[in-house]
Structures are given as structure tokens and as C-alpha cells.
Amino acid sequence: MAKKKGENYDSDGGDDQDYDEEPNFDDPEGFVDDVSDEELLGDFLKQKPCESDGVENVIVVDNIPVVGPARFHKLQGVLEKLFKTAGTIVNIHYPKDDEENTRGYAFIEFKNPEMAEEAVKAFNNYRLDKSHTLLVNLFSDFQKYSDIPKEWSPPEPQPYKMQNDLYNFITEPDAQDQFCVIAESSPGAVQVQFWQNTQPEPVELLTRDRFTETYVKWSPLGTYIVTFHKQGVVIWGGSNFTKINKFPHSGTQYVDFSPCEQYLVTYGPNGQKIIIWDIRTGTEKRSFISDGTSNMSMFRWSHDDKYVARMGDNAIHVYETSTFYLLDKKSIKVQGIRNFSWSPTDNIIAYWMSEDLEAPARVTLLEIPRKNEIRNKNLFNVADCKIHWQKSGDYLCVKVDRYSKSKKDKKDADVKFLGMFYNFEIFHMREKDIPVDSVEVKETILAFAWEPVGSKFAIIHGDPASANVSFYEAKKGQEPTMLKKLEKKICSHLFWSPRGQFIVLANLQAGSFEFVDTNDFTIMKSGDHFRASEVEWDPTGRYVVTGTSGKVKEDHGYHIWSFQGKILKRVNLKNFILFLWRPRPPTLLSDEKQKEIRKNLKKYYAQFESKDRIRMTRASKELLEKRAKLREQFVEYRTKRVSEWEEQKYRRMQLRNNIDTDTLDADPDNVEEEIVEILVREDTTLLE
């Protein structure tokens with residue numbers, strides 16, 4: 001026990017007590033601490049006061065209207081209403097001259113520096129009216145601009161840094177696709193494996209432990225893969241998946257790429273910021289404050305990355321990506337808008353608006369940037385609509401949920417719809433005046449899907465326990481015609497091949513699948529994958545993957561099937577999370593060249609079959625060599641174990657009273673056979 005400071009002890013009679021000396025906590029002489037205060041107290045030091053506190057919260061707004069006392073309050077109200085959208089305003093100061101006229105600029109203080117920065121990004125070069133465009137800067141920028149040297153010195157040339165080949169994955173001679181497999185290696189650690197789908201066995205390209213904290217996502221053309229971390233997200237690319245850029249946005253839950261991969265949108269937790277980034281430079285282009293509701297995929301992109309749009313209250317906000325300002329500096333007013341969607345090939349927006357008093361519901365096609373309404377369709381007794389574009393942009397289908405009558409609930413004032421039936425409004429986008437055809441179905445609609453390449457579409461309708469699958473075709477100048485109706489199918493989802501023609505009818509509750517060729521509607525094969533919850537085609541339409549993720553307790557893993565329904569590989573993987581094929585960019589060949597290749601495809605059959613035979617022969621040889629090597633290893637292992645067993649024979653006999661038990665079973669005279677009968681159950685049957 002250590003002595004207490006200031007406590008006295010009697011030297012006489014205290015000999016029987018043993019007190020330890022107080023330990024010395026001082027650093028030894030010459031000790032140098034290699035850990036900085038920033039590493040130990042980083043979070044605490046962020047709160048340390050500094051000289052710029054208060055100044056960083058202030059912005060300077062130039063080019064505001066010069067007004068007198070009579071119009072000052074109106075100007076004050078306009079500016080406060082405008083800037084409070086960026087954050088909490090603490091104070092506003094308007095410098096005035098001797099006649100109480102404003103001087104054309106103002107100082108605004110916000111609650112924190114983040115709000116001030118948001119105000120600068122949102123309102124710098126903001127057009128207040130025809131004569132005034134606001135110029136907004138941080139007050140702390142004055143020092144930065146005043147320190148600019150008067151004499152310019154040219155920058156020093158930097159050595160050239162070799163860039164990654166981001167497109168090497170599409171140069172594979174046999175067009176074998178890549179895929180990644182995500183699994184949880186340990187709690188809080190996610191492993192990502194990258195594979196090449198070679199035949200007959202896939203080849204592992206790379207494995208990254210702790211590559212991401214949640215999941216990964218491919219960009220639309222397969223150039224990048226994004227990983228999620230506490231501080232933000234990182235994109236990777238190239239043959240070895242090296243880091244390309246990072247985007248700091250704490251707590252990012254979801255990301256979205258623009259179709260041409262020029263921009264990345266990061267979505268923070270609900271109620272927080274949404275940021276649009278330039279992928280190549282890593283700079284922030286524009287940020288928005290979420291309204292607190294679910295904001296996943298709040299922004300929707302045009303096919304060419306020229307525009308991005310989001311839905312507001314009775315309006316569509318369309319931004320030009322060259323400046324990220326509103327198109328024509330104003331929103332598109334649409335009273336009662338419920339949803340909208342871009343065409344996948346043209347700058348056309350399809351939106352629908354709900355019924356309002358005597359006005360019917362309406363579907364409208366809007367051409368951007370001229371904002372011309374190129375087609376309208378009025379709809380009556382509408383409960384809901386779903387917009388489905390065909391991938392080639394040739395057709396648009398609007399699924400309309402209609403009712404015979406409605407009833408308002410007295411308790412919660414909700415409207416209940418009775419006598420439901422369904423219409424499919426088919427817009428022929430490539431024909432003059434965009435004619436519209438209608439297909440009516442009385443039964444409940446469970447699923448709808450367009451053929452990506454072609455003019456067919458499929459629907460699942462009826463009772464989920466015994467549904468029907470109907471296939472229709474939309475031809476130019478004709479109404480949609482039913483091609484085939486498959487009855488009594490237990491399926492819930494439709495998955496078309498990206499190349500068209502083939503479709504998978506899936507029941508994700510039971511894990512059963514049917515592979516259908518829609519040329520003659522033959523069911524090529526049926527199969528099961530117990531508890532499978534995911535289905536994904538590869539980009540070429542040759543393979544299908546079904547997977548069971550961590551949502552179920554056992555049987556995690558994935559199966560690879562051919563497009564004909566033949567199962568090629570079963571992989572059981574503990575803590576399997578996700579399987580993702582790597583997307584491919586669209587072909588550079590023209591439509592005429594593709595038609596020519598299809599026409600002369602028979603010329604290449606012999607070449608393809610020869611390559612397949614060589615590949616299978618090589619694979620068979622490698623497989624035989626692998627088996628022979630494994631057999632040699634087993635024989636070597638068995639020989640060692642037999643030798644050890646023989647060496648231990650003397651010891652075994654000592655333990656067993658010098659009885660050689662190794663040969664007991666070999667001599668039948670040493671074996672006694674005993675038959676034991678056990679009464680399991682006794683039943684009594686009365687005979688009449």
C-alpha cells in the first residue's frame with residue numbers, strides 16, 4: 001500500500017507494516033513522444049477556439065438592389081426568405097449611406113461555417129431579378145485574395161504519372177464477363193472477390209479483405225466500382241482495382257451514377273445533405289438539403305447526362321449539368337404531379353398527374369429543353385399509375401390502376417377503391433403523333449416487364465397461388481396482340497435476358513425458376529434454388545445467377561445457370577451477401593454492321609466450335625493433372641500414416657496385455673456373433 005501524502009506514522013511500533021513506495025509516473029530522461037496531440041485528442045481539439053471563429057460563419061452578398069427606407073423592409077424580407085433555406089441566420093447587416101439608402105451589399109451571419117459554405121454554393125451567381133445577379137463569398141476569403149502575390153510564377157512541371165487502363169476488362173478475347181462476390185468475413189468486415197467467368201471453371205482475379213464496410217456497386221458502364229466507408233465513398237478501377245477518387249460525405253447510405261458516368265450522387269442519412277460530384281475531378285458540383293423523407297434515387301438523369309431532375313411540390317425541377325442551375329432559371333409547374341421518368345434514349349420526360357375535382361388524371365410527354373408537350377392522355381377513375389419505359393426507348397407503357405367506385409372511410413378519412421381493374425396504355429414513341437393503344441386486364445397485376453431488345457412485354461396476373469403469364473407484342477401501326485398465355489404458373493417475378501427472347505419466370509418465395517424461349521414459348525427447363533432471393537442475368541445474356549443472402553439462416557451462396565436453364569455451378573459461401581455481374585458499355589458497332597454479322601454468323605460457327613474444343617481439351621488435361629497430383633499427395637500422406645501405425649504396434653500390444661488386436665478381425669474364430677432382438681411396439685388389430 002502506498003503512503004498517503006501528508007499522513008504521519010509513528011516509527012516506533014510501525015515495523016510490522018510494509019508500505020510500498022509511490023510509483024514514479026514521469027517520463028524517463030531523453031524520452032521523445034512519437035504520438036501527436038492531434039492523434040490522441042483529434043475530436044477534442046476540433047472544439048478548440050481559434051482566431052477565425054465567428055468570421056467563418058459570415059458571408060458577403062454583393063449586387064443587391066440599392067433601395068431607400070420605403071423599400072428596405074421588402075428587400076429585407078426577400079433576402080431573408082432566400083438565404084434561410086441554406087441554414088439558420090443569426091444576424092444580417094445592411095450598410096447604408098447618409099441618406100439611409102443601402103450600399104448594394106450585405107453581411108449575413110449563420111449558425112456555423114457549414115451553413116455559410118452551403119449559402120455560397122447555392123446562391124453565388126443567383127439571378128435575383130432581371131437587373132441583379134447576386135455574388136456571394138465567404139468573409140474569410142478577403143484574407144485569401146489579399147495574399148495573392150503580385151508577380152506570377154509559372155508552376156513547376158510534374159512528372160507524368162501513368163494512368164490506369166479503365167477499359168481493359170472489355171478487351172478479353174473470348175468476351176468472358178467479370179463478376180464480384182461480396183461476403184462478410186468477420187463482424188463489421190466485408191470481403192469482395194473478383195472473378196472472370198471463364199469456362200469450364202471461373203478464375204479468381206483478386207480478393208480484397210475489408211474492402212468496404214457495407215456493400216459495393218458497379219457504375220452503369222462497368223468502369224468503376226464504389227465502396228462505402230464512414231467518411232464517405234471511394235471509386236476504384238483498372239485491372240487491379242486501384243483507387244481512382246474519393247468523395248468525403250460522412251454517413252453515405254446510397255449512391256447513384258449518371259448514365260454516362262460523369263457524375264456521382266451521394267445520399268446521406270434522411271434529413272441530411274445530398275451531394276452531386278464530378279467523378280473525374282472529385283469536385284462537388286451542387287448539394288441539396290433533404291426534406292427528411294426517403295430520398296433514395298431522388299435525382300433522375302437524362303440519357304446523355306445533360307440534365308438531372310427531381311420532383312418537388314407541384315413541380316419538376318430540371319437542372320442543366322453544365323452549370324447545375326435550373327433550366328431557364330425556373331421550375332416546370334405541374335399541378336398534382338405524382339411521378340415522372342426520363343426516356344432511356346431521348347430527352348423526353350413522362351409524368352402523370354392525379355385527378356383534381358373535375359379534371360381527369362393525365363399522362364404527359366414533355367420534350368426537354370423546349371418544354372413542349374408532345375403527347376397527352378387523359379385517364380379517368382385512376383387510383384395509381386406506374387411508368388415503364390422499354391430499354392430501347394421505342395415504347396412506353398403506363399400501367400393504370402382503375403376503380404369502378406370509391407368509398408371514404410369515416411374513421412381515418414382514407415379513400416378505399418372498389419371494383420379494381422387495370423389498363424396498359426402503350427405509347428408508340430417512334431411513330432407519327434405517338435399513337436396510344438390500350439390493353440385492359442380485369443385480374444390483379446402481379447408483375448410487368450418489357451423485353452429489352454424487341455417489342456414484346458410480359459405480365460403476371462391473377463391469383464398469386466395459380467397465376468397466368470401473358471405475352472404481348474406491340475407492332476408498328478397495330479394494336480398490341482397476345483402471343484401466348486401460360487396458365488397456372490406459380491411465379492412472382494419476370495427477368496428478361498438483356499438480349500431479349502429468353503425470360504425467367506421466378507417464384508422468389510419458393511425458389512423455383514422456369515426458363516422460357518419466347519420464339520415458340522417452349523419451357524426449356526425448370527429448376528429450384530431453395531430460398532433464392534436474387535436473380536441476375538449477365539450482360540451478354542448467356543448466364544443467369546440466383547443467390548441466397550444473409551436474410552436466411554443457412555444455405556448461403558449462389559448458383560450459375562445457362563440461359564437454357566442448365567445449372568453449371570453451385571457455390572456455398574458462408575455469410576454470402578451479394579453477387580454482381582460487371583456491366584458492359586454499349587457496342588460501338590452500328591446497327592447495319594450488327595445486322596451484317598448476324599446474317600453471316602454461320603461463317604464463324606466452325607471457328608467458335610474449334611475454340612470450344614481446344615478450351616475443353618485444355619480444361620480436361622488440366623483437370624486430369626490436378627486429379628493426379630491430388631492422388632500423389634494422398635498416397636504420400638497414407639504411406640506416412642501407415643508407417644507411423646506400424647511403428648506404434650509394440651506400444652499398442654503393451655497397452656492390451658500383449659494381445660495383437662490388429663489381426664482379431666482377420667480370424668473368424670476370434671469373433672463371436674450375438675443376435676439381440678428388441679420389442680419396439682406391439683399392436684392389436686380386431687378382425688371382424
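Note that Cβ sites are derived from N, Cα and C of the backbone, with glycine treated the same way.
According to Swiss-Prot, the protein carries these features:
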type	residues	note
COILED	613-642	coiled coil
COMPBIAS	9-32	compositional bias 'Acidic residues'
DOMAIN	57-141	domain 'RRM'
REGION	1-32	region 'Disordered'
REPEAT	208-246	repeat 'WD 1'
REPEAT	247-287	repeat 'WD 2'
REPEAT	291-329	repeat 'WD 3'
REPEAT	332-367	repeat 'WD 4'
REPEAT	440-482	repeat 'WD 5'
REPEAT	527-572	repeat 'WD 6'
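The coiled coil (613-642) scores a mean pLDDT of 85 in the predicted structure. Counting residues per DSSP class in helix, strand and coil order gives 0 helix, 23 strand, 16 coil for the repeat 'WD 1' (208-246).
Listed by sequence, the residues of this chain that lie at least six past the ends of the coiled coil (613-642) yet keep a Cβ under 8 A from its Cβ atoms are 199-201. Taken through DSSP, the repeat 'WD 3' (291-329) splits into 3 helix, 16 strand, 20 coil.
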